[in-house]
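Structure, as structure tokens:
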Amino acid sequence: MSIFPRISLKPEVSDYLKSVFLNNEVLAAVGLQEAESRFQKLLTCLSHPPSYTCVRASTHLAPLEEIRHKLGEDLKKQMCSSSAEEFSVQILPHPRIPDVLLLPVDGPRPVKQLSSEVVVGAQCGSAVLRGAHVFVPGIVGSPKYMKAGDVVSVLSDLEGRCTRGATSFQGKRGFVGNGVAQIARSSIFCTDEPTKGIGVRMVEPLYQSPSFDGVLPNLAFLQNLPSVVVGHVLGPRPGERILDMCAAPGGKTCHIAALMEDQGEVVALDRVKNKIDRIRQNAQMLQLRSIKVYCFNSIRAVSSNAAQDTEGPPFPPESFDRVLLDAPCSGLGQRPNMSCTWSLKEICSYQPLQRKLFHTAVQLLKKGGVLVYSTCTVTLAENEEQVAWALETFPCLTLQPQEPHIGAEGMLGAGLSPEQLRLLQRFSPELSWDQTGTAAPLPCRADGDTIGFFIAKFLKN
């Protein structure tokens, strides 16, 4: 059900995306009316959250059913101690992915907007739509005399135009629910020290889903369904040496190590220091010892010295059995996202970077090794066009079938053959937007109602 306007984009970006989704190959296959309909559905579903929360269970530490039971108990305790309305917790195993649990989201709900308003940044607003409370750093505006205990409506500043500390804001905004202020206005804006912690505890969110703050941190890991699929598609095996090239925040890195039963070596690279610390924290929390983390620019991860025997990067060519390139991208598949303020130049800036990383990935992969390329965006330039470029640039690469394959096939428009498109996996929520009503059983709709995402699997011959 649509309650928010379509994602707000700069006109140049909207026109660009329209040209992608109404390209000549698509028009020849489905016609103008259907192509236009899919594009409009995409813009609508991007501004809304998926109808479920996806949890990756740490099945290397405990059986799925045990984690499911503990999660249910923990969430019930959390709701009993919270002032939030009661709602039952349903936790369902995914029918095809053995380490995934699905929790339905109740929404949109009939919540009445109040006159007392707290304005939060768009990123914070999106987090609230997926079950989070409002943390103090996300608050940009509040009533002049707000004090702890006040009941307030929370609105997301869609275009980032609210001045920090504002007492009112009439710009473009989206209502995400009601909550209780945990802190006075003066403690947010009139202090030299940055304040942390919960600023507004949500009691009537527009979309009701459990908050996972502090819930089973080592057994239940919040992760989008396609991101879990990537780890399985890579197919890591115990004893292998695997490279995760752009690893932060470490969700996929940890999943790879868990699938290997923590036997072998997973090398995680990221160029940002504080992100590296987050990967280490996640690995420690999940009791994974096979992960080695380095702060390093993956573009320069190939050593010119083939005889090099130092442990860390750069590495000699053909050092890894499998490589995951979960590439930096324009992120246009993320949900919910009510507004993207990026220019077309920014959106189009990722393709060259992805190709540089691809060159490194192919060099570092052993013959007979597997390379998985993935993004969380919906453009052709960063997805199918990259596959077409890679197959032409690296004759040693061939596309491989993916397991599990629960998304749609690749999108027309990059000159790939029908056989090649069938080997790709594009998660396209617009294709099932009409069928994602809560009447359909959750396991049936979960595979279609995802973020926008893309996966390609190659073998190096």
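Glycine is no exception: its Cβ is also placed from the backbone N, Cα and C atoms.
On the 0 to 100 pLDDT scale, the domain 'SAM-dependent MTase RsmB/NOP-type' (145-461) averages 94 in the predicted structure. For 145-461, the entry in TrEMBL reads domain 'SAM-dependent MTase RsmB/NOP-type'.
Same-chain residues at least 6 positions away in sequence with a Cβ under 8 Å from that of GLY250 (S-adenosyl-L-methionine binding site) are, in sequence order, ALA268, ARG278, ILE279, ARG280, GLN281, ASN282, ALA283, ILE291, VAL293. Among the features that TrEMBL reports, S-adenosyl-L-methionine binding site is placed at CYS246, ALA247, ALA248, PRO249, GLY250, GLY251, LYS252, ASP270, ASP326.
Summarising the annotation, TrEMBL assigns active site, nucleophile to CYS376.
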Beyond the site residues CYS246, ALA247, ALA248, PRO249, GLY250, GLY251, LYS252, ASP270, ASP326: chain residues whose C-beta lies within 8 Å of the centroid, for S-adenosyl-L-methionine: ASP244, THR253, ALA268, LYS275, ILE279
Cα distance (Å, whole number) from CYS376 (active site, nucleophile) to ALA248 (S-adenosyl-L-methionine binding site): 14
Alpha-carbon spacing, CYS246 (S-adenosyl-L-methionine binding site) to CYS376 (active site, nucleophile), which is rounded to whole Å: 13
Packing count at ASP326 (S-adenosyl-L-methionine binding site) (other Cβ atoms within 10 Å of its Cβ): 23
